Structures are given as structure tokens and as C-alpha cells.
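Taking it in order: structure first as C-alpha cells, then the write-up.
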């Protein structure tokens, strides 16, 4: 919609003379591609209400261009301006361009004010429920696809930068990496230990309860050993670290992004990938396997304690049985730990990716942090399922 | 260093931030990019720095395509609106950062870096504060640290994005003057973005007025003020009355006053006149009907008075000496004749 200035027509020579104020009126002229609405005279609240009711019924046709000529208006109040704007919007909604011609700068500013005022948009054309649902699924799918593509591109970029660092090891920011190892590894020891221990306890208790019915209590140890070493230990660790460190990566980098620190780095010729992402990815890739191993031990300890209390299997017998199991399933520990670096890279990658995707406001940091945690845990579990299938196909 | 922008275009989704921008920045010049928010001035600055990639067009650093120069080798000092200091580093480390991260071959020895940091802290009048953290400084001090950090790498060009936007009025004024002096001292090519016309006019050698992703006018502050090239520039510089008028043979009839315009002699048609408040005078009505206006209000401002006038062609704001009001016997509610001394007329498209 465009408001243009034009010369006054039929101007009222004396504003202060009330007799000279003619009543308001309007005319609609339509030809093939142009719709002209001539608005004249005195337009106040009463006039506006009358006009609004009638104009609503007017057929606006399919003109490509709409002109609302207000150059002959002697008086215009807010309500009248609103009616004019509404008319202009309706013409616009048919796909036409609209031009408002005004002669009076006061009318112009009133129209501009009214245009900016919050007028609820015309009700959206309602789709039927099925189309709407299909549309929503489609939008969601496209969003997922672009997100996946961006994440993959980010992974590719990371690989390139990692290769560069392999060729020039000096470029690695060692101090930053060690600091991150402390933050994501060492500082996570208590929480990972406690939770793994408790999971071991729960698993042993539930397993023993079921197996007792068959008099096979001693197989609780088999259940524990295999499930903790192959799955539970590393999965628990990955989920805890995704919630704890993946989110903090997003928040840290996101805050730096908003604070324009990332831009400041780039103007100094530093690559945020090299400075911010690589140390975090490497730190997590190095510490997550260690944490996973530690989690295995704590889980088994929890299970051993439960076996001792609940089933009367003492520690020696527990270890003995465990040895027998592992003599057959000798790859269990490695099957579990082999997944750790993969999960680590996923968690760090997703965390950093969303951190760098933050834009605009502090609110965006919060949103991105949430998305990053959910996405990291989701990908970790999907990958775990894929690993399961692959390992069973390979019969290890 | 000379910087040239050739036909820059940039879109963010459906929003066109730059649409065909051509600009040449002379070496050692202090240039202001002035415009309302969303006019593309920050995008232009970020594109020059290499923080944004343009969709079309070229940026030349001394005639060399900037795309072929890495961000490090462009040697750009960038100052951000919200300082963007590294919060976990001391002031001294912040300033030294740009030097410390250089590859070993180009990195100056430690002692030299330290000396340079001290020197820069003195330059920005923050001597002795090198050991503090950004959070312990005031806004004005932080912005000076940010400037010192930008200067540390001996930039070939200094880019400032609304550098004083987040500061209060008094500090802003002080820093403005200080930046002007600093520029006279070091003479590095400087481009800064602002939406504050006073800032642009006070600081810059040349001002670039931008609107809607395009350059409206480039010129010295005086040129821009005296000869606004477009309607937008006139309106953006603020305070001007906008009066519809009719032009006949190059002569405009504006609120009852006949004025010769810059338009061609044979031009006849509708136009818009821009008149600054101090270019309008008032007199006792003399029987003509065209130039009569009604006085809505009178607001004394020092020796002058600001009048709100209601004329057939619209609302007029005038700034006249108070004595002239008394002489003509003009008060609130009375009628007066409008006299327009100067106006700039643009034909209605």
C-alpha cells in the first residue's frame, strides 16, 4: 500500500466556516484493470460507519490496481481513516496494488498512524482439517530435512578443520581442550557415578525378582554384566553428558554469538570452528569413553551390592560368575566402549552446531539449548539401535 | 586504504538488505553510514569486514577482490555496538588477543606485545587498568577497550558498528570528540554506522545516507544538509514540513507563496515541497486568502518561538524570532500570513 501526495481538488476555502462543510460521499469507478474510489467531503464517525457498512457490500472486482482518491476530503477523523485503510487492505487482499492519494499532510499522517496501528489481520482462509494436517507434516518434514542437511554440512566442515589440525598440530588449542576435558569429564564423575550405581541396583533388584521364580537367581549376574557393559553403562553416560555438557556447549557458544564475540574472533582471522568447536569435540571424544568405563564399574558395583543384600551372592561369587559370562561373551566391554567416541562426537557436534545457530536475542539461546539436548539424546538412542542391529548382524 | 563496493546485493530470506550499493572510500577518510534501522547500513559494514557474504557484487581492497583475501589478511579492526569483549580475559589480554593468535612467524615477541598493549591503553586513556576484567569497567570504558583491541592489529581499515549506541548521551558526546581527535592522530581509513544524524555530521568527512538497501546520497555534512538529493534525505534529516504544492512553469505555489524552483522551466504539475521550520516567516494577514493560516499554539524556545500553524495545505511548523510575533500582533488562535523563504520541491511521481 502506498500513500502518495497529490494536489487538493474542490478544496474548501475556509476551514473555520461550518456551513461550507459538505456531507461526505464516495464513488466507485471500475474499468478493466483499475479500480478508483473517489472519496469526498466531510468524513467523520457517523459517515464512516455508514460508509463501512455499504463498502463491505461493494464488489471490488479483480482490478490489478486500486486507487483511493482522498484529495477532495475536507475532514477526516480516525474512524474514517480506519474505514479507508480497511478498504485499502481488502483491495490489497485481492492481489491488487493500492495507492492512496492525499492532499493534506494531516490526513496523510493520520492514515499512516492508522496503518501502523494494530489491526488484526483478516481471518486466514481455513483449510479443512485433513489438508491442514498434511500441510503440517510436510512443513515439519522439510524443516527436519534442512536441519539434517545443515548438521551434516557442519560435520563435514568439522572434518576438514580436523584434518587441517592433523597436518598442523600447532593449530590445536590445547589449553582450551584440557579445560573442556575437566569441565565435561572430571566434573561429571560424581553424577555419572551415582546414577550408574543406582541403575545397577535397580537392574539387579528387578532381574533377581523375576529370575527367582525359576530358581535362577545366579543368572542375575549374567543379566547385569551383559546389559551394563553392552548397553546401559554407555547409554546412561551419553544421556547424562548430553544433558549436562551438550546443553552447556550450546549456551556458552550461543552467548558468545549474541555478544558478538564470535564475530570479533572472525575479524581477527580466527575460525570459530577451530577455536570453539574442535577443542570441545576432542575433549568429549577423549573423556566419554573413560566416563563410560567408569560408569560400567559403578553400575556393576551397584548390582553386586544388591546381589549381596537380596540374593546372598557374595562379592567373590559375583566376580566368579561374571568371569564365566565374560569368557563366553568376551567382546561385551568393547562393544559398549566402542560406541562412546561416536556418541561423544554427536553430542559435541549437536551442542556446538546449535550454539553457532543462535541469533538475535537471549531467548534464542534458551530455545537452541532445549533443541540441542533433545536432538542429541534422540540421535544417540537412534545410533545405539543401529549399533545393536549391526553388532548382532556381525555376531559380536 | 581505498575500499570499493561494486553493485552489492544481499538478501536475507525475502528481505533485501542491499540492493545495488556502489561506494568508494578514500584512504584516511572518516565516513559515516547514516540511515534508519533496516536500511542495510550494518549489512554493508559487515560485508566489507567479510562477516557477511554478498549475493552479488564485489568488494575491492586497494583494487584487489576481497574474496581472495582471508579475514586475517584483510587486517580489519571491527568495533561492535555491544563491545564484544572476551569476558573471561583481562583488558590487557583482550587487547593483545589479536596479536597473540597470529601464526608464530608473524607474531611479535612477548615484550613487544606487552609494550604495545600499554601504549594502546594510554591512547584510550585507560592506563593502569590492564589487569581488570571487562565486567569491572563502565560502558564508555569498555567501548574504548574494544577500540584499543581493534587498533592492536594495526588495521588497514577501522569499522565501527553503532559504536556509541549503547552509551548515555553525555558519554556519547565525549567519546565522539575523542574519536575525532584519535582519527586525526592515526589517520586510518574509518567507516562507522549510525542512525544519529548529529553523530554523523559531527564526526564524518563524508556522510552516506542509506535507505531501503540503497544509497540515497553521498556528500559532506554541509552538502547533505544544504542540498538533500531526495525526498527521503530531506525527511530523514528531520523537522522539515512536507507541503503538497502545484508547480507551473518551474514556479511553485507553496502555501500561498510563489517560489522559483530547481525544476526545469517547462515543468508543470503536482509536487511536494520541503520547508525547514526556520525558513518560514509569519506576518500580519494582508487580505490574500491563499497564505492565511491559523495559529494553533506557540512554544517559546529561547529567543525563538515554535508555531503550529494550520493551513489549507496542511499542518506547518515554523520557527521565528519572538519579537516578530509581537510586531505582527500574532497570538494563539489568531490568523497570520505564511511567508516561505526557501523550499526544496520534488515532483510527485
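Note that Cβ sites are derived from N, Cα and C of the backbone, with glycine treated the same way.
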(request) May I ask you to indicate which of A:253-278, A:331-356 is given in TrEMBL as transmembrane segment? (result) A:331-356
(request) State the residue range annotated as transmembrane segment by TrEMBL; the candidates are A:168-187, A:188-207. (result) A:188-207
(message) Are the transmembrane segment (A:151-167) and the transmembrane segment (A:331-356) close enough to be called in contact, which here means at least 3 C-beta pairs under 8 A that are separated by 6 or more residues?
(response) yes
(message) Using a Cβ cut-off under 8 Å, which residues of the same chain at least 6 positions beyond either end of the transmembrane segment (A:300-319) come close to it?
(response) 196-201, 203-205, 208, 212, 217-218, 220-221, 224-225, 228-229
(message) I'd like to know the mean pLDDT over the domain 'STAS' (A:67-100).
(response) 84
(request) Go through the chain and flag residues at least 6 beyond the ends of the transmembrane segment (A:376-394) whose CB is under 8 A from any CB in it; none is fine as an answer. (result) 231, 235, 238-239, 242-243, 246, 335, 339, 342-343, 346-347, 350-351
(request) On the DSSP side of things, how many residues of the domain 'STAS' (A:67-100) fall into helix, strand and coil, could you say? (result) 16 helix, 14 strand, 4 coil
